[in-house]
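Below is one structure, written out as structure tokens, with a few remarks after it.
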Amino acid sequence: MAVQRTFSIIKPDAVAKNVIGKIVSRFETNGLKVVASKMKHLSRQEAEGFYAVHKDRPFFKDLVDFMVSGPVVLQVLEGEDAIAKNRTLMGATDPKKAEPGTIRADFAESIDANAVHGSDAPETAAVEIAYFFPASEVYAGR
């Protein structure tokens, strides 16, 4: 397995519940290192740009509305097989279908307010990381 970087968002619902530390602890306990992090209240333009791939989907407006409803925590995580590991830790998109002990099973309320976002592939991770973090803001995790 190779060391990878992945992008993570702790979404407004989880920030509002004050579970940021609990979520980050899950990442770190499972071998993922935080190599970049910032809290930000996304503008509508930032959220629309980030989720542009979903622009023509019926849920796009609700997704953008939710993502601008409060602050988020943007992070770059690094570790062995980081993308798959993060997706396993997050659990299924719908928290009702997420395995017990996953972030979404423990902290998410609904398929919309589902606590976290994580990249799904190396190419996606690279684009998502670059969207919010210039290279100078991402530090070597070794």
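Just so you know, the numbers here start at 1 and follow the chain as drawn.
From the backbone N, Cα and C atoms, a Cβ is placed for every residue, glycine too.
Quantities reported herein were computed from a predicted structural model and do not represent experimental measurements.
Taking a C-beta cut-off of under 8 Å and a sequence gap of six or more, ARG87 (ATP binding site) has these contacts in its own chain: GLY118, ASP120. Feature annotation from Swiss-Prot assigns ATP binding site to LYS11, PHE59, ARG87, THR93, ARG104, ASN114.
Annotation for HIS117 (active site, pros-phosphohistidine intermediate): spatial neighbours PHE7, SER8, ILE9, LYS11, criterion Cβ-Cβ under 8 Å with sequence separation of six or more. What Swiss-Prot records for HIS117 is active site, pros-phosphohistidine intermediate, and it gives sequence analysis as the kind of evidence.
Here the binding-site residues are THR93, ASN114, and the one with the most other Cβ atoms within 10 Å of its Cβ is ASN114. Mapped onto three states, the DSSP output places HIS117 (active site, pros-phosphohistidine intermediate) in strand.
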